[in-house]
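Q: So TrEMBL lists these for the protein:
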- 32-461: domain 'Major facilitator superfamily (MFS) profile' (DOMAIN)
- 32-50: transmembrane segment (TRANSMEM)
- 70-91: transmembrane segment (TRANSMEM)
- 98-117: transmembrane segment (TRANSMEM)
- 123-146: transmembrane segment (TRANSMEM)
- 158-182: transmembrane segment (TRANSMEM)
- 210-229: transmembrane segment (TRANSMEM)
- 277-305: transmembrane segment (TRANSMEM)
- 317-334: transmembrane segment (TRANSMEM)
- 341-360: transmembrane segment (TRANSMEM)
- 366-388: transmembrane segment (TRANSMEM)
- 400-422: transmembrane segment (TRANSMEM)
- 434-453: transmembrane segment (TRANSMEM)
């Protein structure tokens with residue numbers, strides 16, 4: 001369908017877009033973004049609320065030593081890593097409308113145990129199961145985005161989606177403070193109320209002390225999600241036939257996303273043999289160490305600045321709110337100027353400056369400001385790098401594996417962070433672990449530069465080949481089969 005030039009309007013993440021396409025994108029956004037962001041917000045709350053619960057006495061009540069608490073944090077990511085790639089393979093063979101809500105229901109049921117565990121063994125087991133059941137959500141959503149949006153349109157949507165993690169940290173601090181006040185109510189400690197009641201407040205903040213059994217809200221939302229989460233773009237029932245045809249035509253002109261490709265195990269091998277896929281994974285590894293150690297230990301670090309527990313809970317809110325605004329602002333300009341690498345490097349530098357302030361300054365005010373910079377930088381960098389393979393890896397099965405591999409390798413960094421931020425290194429606000437965090441961020445900068453240089457060189461090489469007429473006989477079928485190896489394919493840098 002063609003449109004006249006006068007029908008073009010300017011949109012935030014691309015230079016020109018037709019009125020019809022603008023309307024179509026808004027319809028897709030309304031269907032995908034709210035439900036996926038809500039699911040991820042709940043997911044991030046469930047994995048990180050243990051940091052707030054610790055301040056309310058969870059470890060003392062369960063007889064968990066400080067070192068064992070770190071082990072419990074790491075065990076979550078073991079389950080996450082083990083099941084991440086299999087989860088996305090199942091998604092490619094299955095239907096996201098069924099698979100993603102089913103995962104949500106599963107971790108909603110598992111999360112019941114966070115308020116019911118009675119000892120250390122129970123805590124270890126429930127954290128592993130929580131990681132296993134949550135593993136498929138994030139890479140699954142990133143992959144679903146890749147079959148609904150053009151490559152240049154994905155980073156902004158991923159940023160909105162990932163912003164849910166920063167908002168989760170903000171909500172978590174507020175709710176942890178409020179629920180800490182419920183200590184002794186119903187014969188339960190505040191942290192036990194925290195893991196049950198936290199989700200309820202996301203829906204109904206005016207209700208107080210409502211007893212939510214067995215993570216009811218997560219389960220209810222998962223049941224609703226079965227009717228909201230969309231299926232594949234070529235089967236999308238929320239679009240009219242005309243809209244679906246237009247959507248698929250846009251996708252085919254941009255990448256393989258508009259085609260219905262069958263799963264092939266050879267595509268899995270293609271992903272594992274691609275050095276760029278591994279570079280995306282190691283890039284996230286560098287940022288993941290900082291992301292999860294900061295989100296899990298932020299309440300403890302702030303308490304170490306000399307604040308009471310209730311103050312520390314509330315003071316986790318501003319850094320997370322700043323991180324949310326930083327994500328959305330930076331990704332807007334990244335999309336506008338069609339650049340990823342320089343903004344990722346810039347975000348890492350901002351975070352490094354924050355850690356330097358936290359390590360070198362002696363005034364709590366400056367150290368707290370450093371926490372803000374560290375949070376803003378690491379959350380922003382993650383929001384950009386997590387959409388990068390979804391934009392650049394072509395071949396649907398290869399892309400599904402690449403996205404999952406990125407997060408699996410990245411989360412090994414999260415395990416390292418959980419174990420390195422241990423009690424024996426807690427002196428001076430975790431000075432030694434914070435120095436290691438700076439090292440991880442420097443490693444992330446190196447990996448970003450590697451991707452920037454390698455993809456730029458490959459784009460130029462393909463330009464030279466095209467100028468010599470190397471791919472003039474390449475058919476549409478060959479272009480799809482070759483994916484990102486096609487001479488006509490260009491990486492987004």
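Positions of Cβ are set from backbone N, Cα and C atoms, glycine also.
In TrEMBL, annotation is done automatically, which means it is predicted and not curated.
It should be emphasised that the depicted structure is a prediction, and the values quoted were computed from it without experimental measurement.
Could you tell me the structural context for the features on the list?
A: Sequence-distant neighbours of the transmembrane segment (123-146) (same chain, 6+ residues past either end, Cβ-Cβ under 8 Å): 32, 36, 39-40, 43, 46-47, 50, 62, 64, 71-73, 75-84, 87-88, 90-92, 96, 99-100, 103-104, 106-107, 110-111, 113-114, 117, 154, 157-158, 161, 230, 257, 386-387, 390-391, 396, 399-400, 403-404, 406-407.
Outside the transmembrane segment (277-305) by six or more residues, the chain places 44, 48, 50-52, 54-55, 73, 77, 165, 169, 173, 176, 271, 312-313, 315-316, 319, 344, 348, 351, 358, 364, 367-368, 371, 374-375, 378-379, 381-382, 385-386, 388-389, 393, 402, 405-414, 416-418, 420-421, 426, 429-430, 433, 436-437, 440-441, 443-445, 447-448, 450-451, 454 with a CB less than 8 A from a CB of the stretch.
Using a Cβ-Cβ cut-off under 8 Å and counting only residues 6 or more beyond its ends in the same chain, the transmembrane segment (341-360) has close neighbours at 283, 287, 290, 301, 330-331, 333-334, 366-367, 369-378, 380-381, 384-385, 428-429, 431, 434-435, 437-438, 441-442, 444-445, 448-449, 451-452, 493.
Within its own chain, the transmembrane segment (366-388) has Cβ neighbours under 8 Å at 138, 142, 145, 154-155, 157-159, 162-163, 165-166, 169, 280, 283-284, 287-288, 290-291, 294, 298, 301-302, 305, 315, 318-320, 322-324, 326-327, 330-331, 334, 340, 343-344, 347-358, 406-407, 429, 441, 444, 448, 451, 492, counting only residues six or more beyond its boundaries.
Outside the transmembrane segment (400-422), and at least 6 residues removed from its termini, the chain residues within Cβ reach (under 8 Å) are 66-67, 70-71, 73-74, 77-78, 80-81, 84-85, 87-89, 91-92, 138-139, 142-143, 146, 267-268, 271-272, 274, 277-278, 280-293, 296-297, 386, 389-390, 393, 430, 433, 436-437, 440.
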Q: Go through the chain and flag residues at least 6 beyond the ends of the transmembrane segment (70-91) whose CB is under 8 A from any CB in it; none is fine as an answer.
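A: Contacts of the transmembrane segment (70-91) (Cβ under 8 Å, skipping residues fewer than 6 from its ends): 47, 50, 64, 99-100, 103, 120, 123-124, 127-136, 139-140, 143, 263, 268, 292, 296, 400-401, 403-405, 407-408, 411-412, 414-415, 418-419, 421-423.
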Q: Hey, which bits of the same chain come close to the transmembrane segment (434-453), Cβ under 8 Å, at least six residues off its ends?
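A: Apart from its flanks, the transmembrane segment (434-453) reaches 276, 279-280, 282-283, 285-287, 289-290, 293-294, 341-342, 344-345, 348-349, 351-352, 355-356, 358-359, 378, 381, 385, 388, 413, 417, 420, 493.
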Q: Do you know the mean pLDDT across the domain 'Major facilitator superfamily (MFS) profile' (32-461)?
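A: That region's mean pLDDT is 84.
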